[in-house]
Amino acid sequence: MTEDTPPTDPVPPHGAGAQRSGNDPPKKRGVPEGVWVRCPGCGQTVFRKLVDERQGLCPECDHHFYISARDRIAHLLDAESFEEWDENLRPSDPLGFSDRKPYAERLVSEQKRTGMPEACVSGRGYLRGRPLALAITDSAFIMGSMGSVVGEKLTRAIERATEQKLPLAIVSGSGGGARMHEGIFSLMQMGKTCAALGKLNEAGGLFISVLTNPTMGGVAASFASLGDVVLAEPKALIGFAGPRVVEATVKQKLPGGFQTSEFLLDHGFVDRIVSRPDLRGEIARLIDYCSR
Amino acid sequence: MPAAPLLPFERPIRQLEEKLAALEADPDPSSHLRDAVRALRREIREKTREVFENLDAAQTVKVARHAERPQTRDYIELVFDEFVELHGDRAFGDDRAILTGFAKLDGQRVLLVGQQKGRTLKERTECYYGCAHPEGYRKALEKMRLAEKFGLPVVCLIDTPGAYPGVGAEERGQSYAIALNLREMARLKTPIVCCVIGEGGSGGALGIGIGDHVAVMQFAYYSVISPEGCAGILYRTEGGATPANVDRAANALKFTSDHLLEFGIIEEVVEEPPGGAHRDHRAAAGALKESLGRAVRELSGLSPDELLAHRYERFRRIGQFEEAVAAEIAGDASAEDATTASST
Ligand SMILES: [Zn+2]
C-alpha cells in the first residue's frame, strides 16, 4: 500500500535490495555478513561481533540495525520458552500476480533467502516469567508486508490472547504496509486484525504495540497503531504515506525527522521511545502495571 | 450529456448518437426516416451494452473517475429524502472530504457518511479531491457513535482515491485515525451498510468501510493500492507510472466489481445504467437506493449481538492461504511443500 520503499538504511541487509536476488543462502543474522560493518548511523566501521552482542546496536552511536524475528524472540523471551503458533501457514497467490517476477516465484525465493515461510512469526512464551502472546513482522520478507498469512497469524494470535487472557505484544517491522501482490485480500487483513483487537479490547486484554523500523502504510493504519501502550524503537520510520509520496504531494522539502519515532512521540501517537536492550524490562513493567 | 468529456471507448456510441441527432433534426420525418431512427436507437443501446460489458479494469477506472459520475452530494439529492448535515470532529476541524449527517432513506432515519470528491475546482480544492485527513475519519467515527447511541443504521458511501498523504495528515495521526475506525466500526452496535460508489482507494476507503453489507457499484473499483502507485513500484525501471503502465497495473490488481464478488469480498454489485452512472444519474441513484434500502431492512431484524457476530465473521473469513501438514514443516519450509489443505 505504501508507494515508497523506506530509505536505504532501515532496509535490512537482506531486505528490499535482496528482493532482486533470490539465490543467496538464508542468512541467520541481521547484521551484514563479514567481520566489519559500516554503520549507517555514524558512518563508522564497527566490529560486527560487538553489534551482535548489543542486540544489533552500533557500539559507537546506538544505531538500531535490523534484526530478524528469531533474534527478536531470543532477546525478548526467556530461553527455550517460545512455543510457535501456526507455523504451517503458507502464502498463496490469489490474483496470479506478477511484478518483476511472478509472485509465486517471489514467495519461493523469499522463503529460501530468509529461511522463513512468511513475514510473521507468532506464538506464546514467557518474558521474565510472565506469560505472553508475541507476534513479530519481519521486514526482511517482502518488506514485512501484510498479506493473508500475516493477517491470519496476527488475528489468531489476538484471538488466542483474548481466550487465554494473555497479555499481547506485537512487534511491527513492515515497510511494505498491506501487500500489493495479494490485492484486496491484503487490504481486508487490516479490517480483520482490527476487528480481533476490538474484541480483545472489550475483553479487557492488554495489547502492547512495539513499532520498529519501518512501520508504514496499511500496517501502521491498522493493528500497529492500536496498542493500549505504543512503544517505538529510536529513529524508526513510522507513517501512513511513504515520505516520497508525501513530498511529491506537498511539493516541498519534508521537515527534518519527519515520520520518525520522535516525530510521532512529539505529535502524540507514541507513548515511549525505548532502546532495544530495554524493551524486555519495559514490557515486563507494563504487564505488571496493567495486570488485574 | 453532450458537454461530458468523452472516454475513448465511448466514441463509437457518441458517433451513433450524433447520427441520431441529425436524423431527429428533420422537422417532418417520413415513415422511412422514423424507422431509421428506431433502428438507430436500438443500435445505440446494443453498442452501449457491448462496450460496457467488455470494459477492462483500466477502462473501468476511467469510468469510476469520470468527471460527471454522481458523487455523494448527488446521491444525497437523489437517494435520500432529507439530509441534516452535522459538521466537525470535535478535535481539530471539519473535513470537507467526508460529509456526515442525519438522512432519510425511504422514510427510515439513518446516519449518512459519504466521501465527497467535489466537482468544481473550488469544491475539489476544499475537499482535497476526496482525500480525507485524520479529522475526516474522526468526524465519521464521532457521528457513527451518535448513530449507535440512538439506534440509527449507518450508511457509508465510499469514493476516494486514498487518504490524504500530506505533512499535516501525518502530524495529526492519519494511521491512528484510520486504525481506530477499523476497530470501532467492527464493534459498533448498529447496522452499517457500505457502498463503493466510485473509487475505493485502499486504507482511505476501508476507514469508513467496515460494514455488515458492503456493495460496490458496477463500474467502481476497490483496491489495496492505486493503479498509479502500483505502476510506480512494478514498472519503476520501465518509466514508472506512465499511462500505459498504469493500465497494466490496473488489470493486474483484479479490483473490479466482478472480481470482488467472486473473491467473496463484497455482498453485492449494484448494476449501473447502460453506459455507466455518469450517463444517467437518476437511474444510478435508483439502483443504489434499492440496494441500500434492502440492506438496511434486512439488517434491522438482527439483535446487536447477532450483528456484531455476523460482522466479525464477515471479515474474519477473508484471506487465502494454505496449511502445510506437520511432516512437511520438518523438511524444507518452502511453498512447494505446502498442501492445499485449506483455502478460504
Ligand atoms: Zn553507529
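Positions of Cβ are set from backbone N, Cα and C atoms, glycine also.
Per TrEMBL, the feature region 'Disordered' maps to A:1-33. If you look up TrEMBL, you'll see A:35-292 marked as domain 'CoA carboxyltransferase N-terminal'. Here TrEMBL flags A:CYS39, A:CYS42, A:CYS58, A:CYS61 as Zn(2+) binding site. Annotated zinc finger per TrEMBL: A:39-61, in sequence order.
When pLDDT values are averaged over the zinc finger (A:39-61), the model yields 96. The record gives A:CYS39, A:CYS42, A:CYS58, A:CYS61 for Zn(2+). Within 8 Å of the mean position of their Cβ atoms, the other Cβ atoms in that chain belong to A:PRO40, A:GLY41, A:GLY43, A:GLN44, A:VAL46, A:PRO59, A:GLU60, A:ASP62, A:HIS63. Cβ-based neighbour count (10 Å, all protein chains) for A:CYS58 (Zn(2+) binding site) stands at 21.
For A:CYS61 (Zn(2+) binding site), the number of other Cβ atoms no farther than 10 Å from its own Cβ, over all displayed protein chains, is 13.
Taking a C-beta cut-off of under 8 angstroms and a sequence separation of 6 or more, A:CYS42 (Zn(2+) binding site) has the following same-chain neighbours: A:CYS58, A:GLU60, A:CYS61, A:HIS63. Within the same chain, residues at least 6 positions away in sequence whose Cβ sits under 8 Å from that of A:CYS39 (Zn(2+) binding site) are A:THR45, A:VAL46, A:CYS58, A:GLU60, A:CYS61, A:HIS63, A:PHE65.
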